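Some notes on the structure that comes next.
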Amino acid sequence: MITISENAQQHFIKLLSQQAEGTHIRVFVVNPGTAKAECGVSYCPPDAVEADDIQLPFEGFSAMVDADSKGFLEDAEIDFTTDQMGSQLTLKAPNAKLRKVADDAPLFERVHYFLQAEVNPQLAGHGGECTLVEITDDGYAVLQFGGGCNGCAQIDVTVKDGIEKQLIELMAGEIKGVKDATEHERGDHSYY
């Protein structure tokens, strides 16, 4: 679930040695599954452990995760690096804003997850977004674009060379292509 690098483990052991005995760390997500999701690490004294917490044992300490954060911390990585500028603890949780779906989840859920996790972060740089409207019986993902994507002169490139190509590769045999259901209106909001 969570990978903690050797350097980060040593850092936590050092910090925890200055705390009350039995204190561990807690890894959590505030506002999980939303665009405002934020991850954190805090001390977890023995009296703060909840009955439904998940305990991840490491050498010298445990990482406690509350049940609500579990799915959002899948594939999370914690590292501690030191360079000439100082030291830094980093926590990367690629599923904090959107819970990872199982490989055998329904096709709609897998395509939706791909769009939210991979495509929308890139489109957001242009003020754009896309949502999955439906998957047709003949295997086409129907998308609706908004924000900077609406009316953008590059939308065909984004759809055909970007999203469609990746979806066909990732979901071979299940997705045949992508259709754009957006009524594009060029305006000041359009990126290109």
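Keep in mind that glycine also has a Cβ here, set from the backbone N, Cα and C atoms.
Reduced to three states, the DSSP call for CYS149 ([4Fe-4S] cluster binding site) is coil. The annotation [4Fe-4S] cluster binding site is assigned in Swiss-Prot to CYS149, CYS152.
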>> Using a 10 Å radius around its CB, how many other CB atoms surround CYS149 ([4Fe-4S] cluster binding site)?
In response: 26
